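Input: a single structure, listed below in structure tokens.
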Amino acid sequence: MIEDPQNNHPEHDQLERDHPEEACGVFGISLPNEAVSYLTFDGLYALQHRGQESAGMAVAENGEVTVIKNLGLVSAVFDDSTLASLPGDMAIGHTRYATAGDRSWHNAQPIFRASGEYGIAVAHNGNLTNSHELVDRLFDTIARQPSDTELIAQLVSVSVARTRPSNTEAYAKAIRDALSELRGAYSLAMLDGERIVGARDPDGFRPLCLGTIAPNGWVIASESPALDVIGAEFVREIDPGEIVIIDAEGAHSFPSAEPQPSHLCIFEFVYFARPDSKLLGKEVHGTRRAMGEYLAHTLPVAADMVMGVPDSGVPAAEGYALASGIPYGQGLVKNRYIGRTFINPGVKSRQDAIRRKLNVLEENVRGKRVVVVDDSIVRGSTTKSIVRLLKQAGAAEVHLRISSPPYRWPCFYGIDTPNRPDLIAAHHSVEEINEILGADSLAYLQLGDLRKAIGTPEGFCDACLTGNYPVELSTHLAGQQVL
């Protein structure tokens, strides 16, 4: 059963930012004989940073799956009465940022699909690179382009319904047969009324972890803070290509028969993941501080103050200040009620939006040579405005230090980035970008130093920085790559 509340379909007019937009967040929990809707709400709240356009959950009770989803933040979609009406002991959830498909209720997740008597709800983080080919093969005629998640749900439901698996091993094979049709990025949480399934693509582009919750429950989530917030214990990251099935007997792992090198998105460390997340055994905040330290060692500048662009630039700024000996200070105040909220359409202008979101602490920057640290620059519009605001406030010099290499290529594996012509670094040198932004200097962290800061030299996708795509792109997508 799917509920479609019609009272909250606002327009989303968000501030254009100089960062790639977040992926989605997925969550799943099984806690026998305990209602899990409130725990699912808390888990999704911890993953809100990964998607703010819509939220939803699917809850199973006595084999029946109920899906509730809507546009808006987690707190807007679910209230106490809604959560109290969902007494099941298994659930999956999703926070969405639209990386494929339009921003509509229909594309909110989880997506439920049935084939015969078998139905399954699917929550997906990632993007498929062969979706057009799958549509051509699976559908004779369609009224609209299905989302990647709809394609996944269709393939899985048909595979399980066709094979009618009689045990967990056979069920895992039916799931793997369906997923073998996919190319690209997917971390999945799925629910069919009797079990939860977690799965990652063979490259492991998007994170997914496994945890336990007392007394006898299991949890999967995009990031470890979603476990922490509900009192669950982190067990491990789900491996690339692995399928984990959670049922009444516990958790069952089905590793890939043909493991291949990992290609975790390097921007999970740079920007996407929460700073308190653990990835590859490391806390993300520490790696971001290390990025700032490498910036200071390799790209020094004479200055009076180091500041970070809130919030994502702050850890690297702390590292830069520590390594350089230049005092750290706050130069910008962020209005937290502006950036990722649903507001009325017709915002006056982008500059007005930036002023609403960021304000300068004039006394802190006046007359000072300021190092401004941020994690990335995508289009350049917001960074240019920040430089102008700081100079209008009296900063003597503004030096930009970016804790990742220039962002030159679009992502096709689960991140919403513009087409290549809109990426400022795709067609401009660092010197030209600095002139456009109006800063006194601009420098980017080198890729080798970024890998050193993370502490793992291999196992990442860095296609947005290098143009080296680990999964072959379809003809449809390859055209965007070379523009």
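The backbone N, Cα and C atoms fix where each Cβ goes, and this holds for glycine too.
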Candidate sharing the Mg(2+) site with D374, D375 (per TrEMBL), from S312, S324, S429: S312
Inter-residue Cα distance where the pair is C461 ([4Fe-4S] cluster binding site) and D375 (Mg(2+) binding site), in Å: 17
Number of Cβ atoms other than its own within 10 Å, given for C461 ([4Fe-4S] cluster binding site): 26
Average model confidence [pLDDT] within the domain 'Glutamine amidotransferase type-2' (24-249): 94
Rounded to the nearest Å - Cα separation of C461 ([4Fe-4S] cluster binding site) and S312 (Mg(2+) binding site): 20
Rounded inter-Cα distance in Å - D374 (Mg(2+) binding site), C24 (active site, nucleophile): 22
